[in-house]
Amino acid sequence: MDAAQPSFASLTWRQYRLERRMFWRNPSAAFFNFMLPLVLLALFGAVFSGNQEDLDVIVPGIAGMSVVSTTFSALAYNVTAMRELGVLKRMRGTPIPSGAFLLGIAGHAITNTAMQMVLITVAGKLFFGVDWPSDVGEMVVFVVLGVVCFSSLGVALSHVIPNNESAPAYVNAIFLPLIIVSGVFYDAADVPSFLAGVAEALPLTHLIDGLSAAMVTGSGIGDQLSSIGVIVAWTILGVALAIRGFSWEARRS
Amino acid sequence: MSSSEFAIEVRGLRKSYGDLEAVRGLDFSVRRGEVYGLLGPNGAGKTTTVEILEGYRERTAGEVAVLGYDPQLRDRELRSRVGIVLQSSGIYRHVKVREVLEHFAGLYPDPREVDEVIELAGLRGKEQARTRTLSGGQLRRLDFALALIGDPELIFLDEPTTGFDPAARRGAWDTIRSLKALGKTVLLTTHYLDEAQVLADRVAIIKDGRILVEGAPGELGVGSGSVRYRVAWRNGSGLLNQQETDDPTTFLHELTSAALARGEKLDSLSVSRPTLEDVYLELTA
């Protein structure tokens, strides 16, 4: 009767472990969240092979895209699926604090981001002639900023998605234009000015700029303050929308 | 810890959604260790009421105490002492039955043994099955198991056997009876009147957000004049007769005296009390 409640940290860890275990049991999710960026890196790396300038663009570009796919896309899918399946409502009826539950899920997504960053960095060094990151600390700062920003935007997007079946359409309608406009595959400076203007307003462009500085050019974090500002602004918007529209119950009910 | 005799107390409960009044002033109490049934047609306000008690919805007016707590404050202590079987709710698809039970057990301060719960819910032999391979009935048993894993004092069952075949329903009934034997309090909503008749100590019939009648299922409506006894017999030519009456004593006396005077036997003579179904249909029609 008087047994103590499990601690917040242990519950977060428990939820995190369950998410990890389920992730590897679901090959399609594992593929889209994890393998796709690596496949793209291999393909574009082959296309640009021998042209170091292009390779120097594609490696941080794919790293930025991976931050988006492992957090924004994955959480938009995951939160929508759990909401529509009724998992969120069921969890709400148990004693687990909402914060511990959501942190466990976010932690799972962030683990994928971290693994992805390591793999891309190693692949860049081994296969594409991109040296080890000149400033690992700066890279970590930008990855963390990107993760928080795109996680909150992913949760916010899930509020707009009406059901599971339409989730890929919503996610891709944003994800695909975003990665093209933001300069994942080419230098964003080379595009027509109207597109460059759009790109300047988007957080991924600035995340890629920051990752490029950390991984390739070696330009210090002091030169990236405006990029940090844009990412933080999107984060504030994302967090506000994520909290505001959150629903534990399926739309269909 | 409230030591009140009641697990649930509801006074003047109201809930509106915009202009729609789903619940219009409910009063009822559920004793500890009791199985209490909420009956009523679709849209009567059963699920709204139960979801307020479970802490999913906020009430518009009235007072509610569940194990002494106000459920809409969502106290963690309260949530670890109740178990919930929702009308419909899903579960992760890529886990095994035993895994998901172990996971949920870890969320509670003092859970039941996983094996014991598997046995109680009738999931023996399915421990290693992935949840996405389970049938509808098996998933419902998993719902039961997940509601019981925290060893709750109070269990909410919202239409727990809807869609079950007859054998599966009997199985679920056995589970609910064992909960009662363990001293648990159960709040049950159901469409099936036989289910309420068999399982519930007391029932309330709700319509349009109000309680129409409350009492033990076998005694409901009797004496209120709204529902009558039914007397049936065969007359001398073998024809089956039926008559409803408020006063079976007098009616039988007259019927049998007349038959004796004619030297007739009344074959197949029977007097039936109104069933819960009779009362229900009379009141909710």
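Backbone N, Cα and C define each Cβ position, glycine as well.
Now, the feature entries from TrEMBL:
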| type | residues | note |
| --- | --- | --- |
| DOMAIN | A:20-249 | domain 'ABC transmembrane type-2' |
| TRANSMEM | A:30-51 | transmembrane segment |
| TRANSMEM | A:57-79 | transmembrane segment |
| TRANSMEM | A:100-127 | transmembrane segment |
| TRANSMEM | A:139-157 | transmembrane segment |
| TRANSMEM | A:169-186 | transmembrane segment |
| TRANSMEM | A:225-243 | transmembrane segment |
Feature contact check the transmembrane segment (A:139-157) with the transmembrane segment (A:225-243), CB under 8 Å, 3 or more pairs: yes
Stretch of maximal Cβ-Cβ contact with the transmembrane segment (A:57-79) [cut-off: under 8 Å; candidates A:30-51, A:100-127, A:139-157, A:169-186]: A:100-127
Tertiary contacts of the transmembrane segment (A:139-157) (same chain, 6+ residues out, Cβ under 8 Å): 64, 67-68, 71-76, 79, 106, 109-110, 113-114, 117, 133, 170-171, 174, 203, 207, 210-211, 214-215, 221, 224, 228, 231-232, 234-235, 237-239, 241-242, 245-246
For the transmembrane segment (A:30-51), distant same-chain residues with Cβ under 8 A (at least six beyond the ends): 23-24, 58-59, 62, 65-66, 69-70, 73-74, 112, 115-116, 119-120, 123, 127-128, 185
Tertiary contacts of the transmembrane segment (A:100-127), as residues 6+ beyond its ends and Cβ separation under 8 Å: 8, 11-16, 18-20, 23, 33-34, 37-38, 41-42, 45, 55, 59, 62-63, 66-67, 70-71, 74-75, 78-79, 91, 133, 139, 143, 147, 151, 215
